[in-house]
Number of protein chains: 2
Amino acid sequence: MTERKKYNVAVVGATGAVGEKIIKILEEKDFPIQELKLLSSKRSAGTKLVFKNEEITVEEATDDSFKGVDIALFSAGGSVSKRFAPSAIKHGAVVVDNTSAYRMDENVPLVVPEVNEADIASHQGIIANPNCSTIQMVTALKPIQDHFGLSRVIVSTYQAVSGAGAQANNELEEQSKQYLNGEEMQAEILPVKGDKKHYPIAFNALPQIDVFQENGYTFEEMKMINETKKIMHTPELSVTATCVRLPFFTSHAESIYVEVEKDGLSVKDIWEVLENADGVLLEDDPSTQTYPTPLSAANKEEVFVGRVRKDLDHEKGFHMWVVSDNLIKGAAWNTVQIAEKLIANNWLS
Amino acid sequence: MTERKKYNVAVVGATGAVGEKIIKILEEKDFPIQELKLLSSKRSAGTKLVFKNEEITVEEATDDSFKGVDIALFSAGGSVSKRFAPSAIKHGAVVVDNTSAYRMDENVPLVVPEVNEADIASHQGIIANPNCSTIQMVTALKPIQDHFGLSRVIVSTYQAVSGAGAQANNELEEQSKQYLNGEEMQAEILPVKGDKKHYPIAFNALPQIDVFQENGYTFEEMKMINETKKIMHTPELSVTATCVRLPFFTSHAESIYVEVEKDGLSVKDIWEVLENADGVLLEDDPSTQTYPTPLSAANKEEVFVGRVRKDLDHEKGFHMWVVSDNLIKGAAWNTVQIAEKLIANNWLS
């Protein structure tokens with residue numbers, strides 16, 4: 001019996017919503033860890049977290065934090081990644097970055113293992129984890145692209161508040177109570193904490209996720225458009241998106257319309273490739289009202305697909321309803337998956 | 001000064017959510033009423049409602065209820081319309097029916113006054129009021145069709161629970177309280193009261209509105225597809241839909257993607273025709289985070305449009321976000337509007 005090689009792993013942003021999920025998944029998946037280093041801002045340093053029944057004190061991230069670290073999982077915001085990823089690389093660590101800081105950098109692979117695992121091999125120290133809404137979409141699109149070709153994607157999203165952080169969760173909870181008690185709702189966080197105006201999310205829908213760009217799209221919509229093309233290696237694929245924040249805590253849902261290249265496909269053809277696709281679970285049976293919902297997908301690692309239908313007026317058009325936990329496959333699990341692939345393929349150095 | 005002619009009006013389903021809104025709007029718009037007859041099922045008969053400071057006792061609808069009635073506004077479910085609309089017509093009334101009973105009947109005009117007012121003229125005793133989600137969509141599509149031509153519509157909806165009746169409102173409220181108190185949510189109404197399974201709507205999203213059809217689409221989705229083509233007189237227009245129920249009480253929102261026929265259009269061109277369109281209010285300014293939401297549109301009669309954007313990869317593709325109160329323009333107000341047009345154009349007989 002050979003001893004598995006073990007690695008020194010750092011989690012940057014350990015006390016955040018995604019950081020906590022990463023630590024939980026590292027434990028559940030029995031990731032081969034020699035030493036786990038939990039890092040945060042000065043404010044959260046000193047917090048004690050438990051990993052495999054052992055208490056670990058969270059330390060403030062500094063340039064020296066990464067000495068001896070093999071793999072550094074960043075999930076503390078783009079500015080923290082920009083500040084400390086270079087130090088981590090200098091000390092020999094490979095960074096898996098779950099922020100938008102490096103995603104569109106042409107020297108940085110942007111990876112969903114089910115879609116483009118091989119891209120990890122070309123990393124120069126950083127692998128980027130895509131945006132949550134992008135990850136679940138490309139996981140469902142990839143098998144269709146592989147088997148039938150894709151020419152067009154039009155998506156409307158139904159996104160949970162947890163994508164905007166723990167404060168947004170609290171806001172939804174507080175506003176819901178205020179509304180049900182007949183009180184005025186207080187809006188201070190959503191749609192975007194740093195933006196000029198805030199609107200209630202409880203019992204409402206906000207067609208703005210992240211800030212507006214010059215072209216009228218939000219940054220979230222542009223992430224879905226640009227990241228999808230990069231991950232799938234399809235700069236010519238038409239992709240367009242409308243992103244909407246909704247009053248639920250966990251899981252994003254997406255109404256995705258695609259046009260395939262192949263003629264004469266049926267819903268059964270699409271079902272068949274989705275049933276055999278990595279990371280996808282098909283939940284689609286109208287006769288038993290079977291389809292995924294944000295609540296049914298919560299705390300699970302798969303991407304769930306239902307409501308596959310053929311456009312009645314367009315031979316090559318198909319609908320699907322894609323749901324996944326935005327903090328798990330959409331963030332923490334995809335990050336840990338990339339780290340697993342780094343090890344399994346000897347792509348660390 | 002000439003006296004306005006006045007009419008005997010019956011409201012069938014007077015104690016329901018839409019019936020109550022109809023009575024309120026008849027009062028607010030000072031509809032020329034001689035006598036207002038409020039009708040209901042046996043169960044609700046005897047209820048006293050107030051119209052213009054006068055108490056009116058709701059009576060059980062019978063075949064004889066329609067004697068002397070000029071205009072009968074039906075909103076009590078398809079089976080009630082099928083049962084009593086013939087009696088109303090026999091007594092000389094014109095029926096405006098807010099159920100799905102007659103909508104696709106080729107002898108029955110299906111009308112949104114801003115779109116196809118002239119169709120009312122050809123009525124044979126019944127004019128149908130379209131489905132709520134269809135009404136607001138065609139109101140926004142019509143000016144675009146008129147000015148630029150339309151070849152394709154792909155819509156994903158975000159629909160309020162009130163579309164499923166007062167019991168669904170209560171269910172959302174109760175489930176929200178249960179969830180916030182850490183109790184298990186009880187689901188007995190949504191997605192469809194008479195269907196086999198029920199799922200929680202609070203803090204969730206249900207991709208099913210009305211029952212599933214043989215082709216995998218729900219009846220709500222088929223209504224949007226078929227009614228849109230009928231109202232707009234465009235059987236050749238590609239229309240496809242995904243309808244989703246969400247945890248808010250009032251107003252439906254729709255992420256609508258269209259392809260126009262004309263080349264070279266900009267967002268400003270679309271804005272211009274929407275700004276001048278009947279029944280539409282443009283609320284679209286990314287620089288000030290201005291866009292409609294279900295809460296902002298509630299209790300208003302207009303169809304609000306925001307987030308107009310051009311597809312970055314398709315010259316003729318445009319997005320828009322369309323929101324309207326599903327019980328007002330989506331039901332009661334459109335019904336009363338049709339009745340107003342019947343009178344204004346002398347189309348009663």
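Backbone N, Cα and C define each Cβ position, glycine as well.
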*asked:* Just to be sure I read the record right: A:T15, A:G16, A:A17, A:V18, A:R43, A:S44, A:S162, A:G163 are listed as binding NADP(+) in TrEMBL. Which of A:N326, A:N334, A:N345 is listed for the same site?
replied: A:N326
*If you skip the near sequence neighbours and keep only those at least six away, which residues in the chain come within under 8 angstroms of A:T15 (NADP(+) binding site), Cβ to Cβ?*
A:L38, A:S40, A:S44, A:T47, A:L49, A:V58
*What count of other C-beta atoms do you get within 10 angstroms of the C-beta of A:Q159 (substrate binding site), across all chains shown?*
25
*In sequence order, which residues at least six apart in the same chain have a CB under 8 Å from the CB of A:C132 (active site, acyl-thioester intermediate)?*
A:G163, A:H252, A:N326, A:L327, A:G330, A:A331
*Using DSSP, would you call A:C132 (active site, acyl-thioester intermediate) helix, strand or coil?*
helix
*Among the binding-site residues A:S162, A:N326, whose Cβ has the fewest other Cβ atoms within 10 Å?*
A:S162
*asked:* If you count CB neighbours within 10 Å, which one among the recorded positions A:R103, A:H252 has the smallest count?
replied: A:R103
*asked:* Going by a 10 angstroms cut-off between Cβ atoms, which of the binding-site residues A:R43, A:R245 has the sparsest surroundings?
replied: A:R43
*asked:* So the record assigns A:T15, A:G16, A:A17, A:V18, A:R43, A:S44, A:S162, A:G163, A:N326 to NADP(+). If I measure every Cα pair among those residues, what is the longest distance in angstrom, as a whole number?
replied: 26
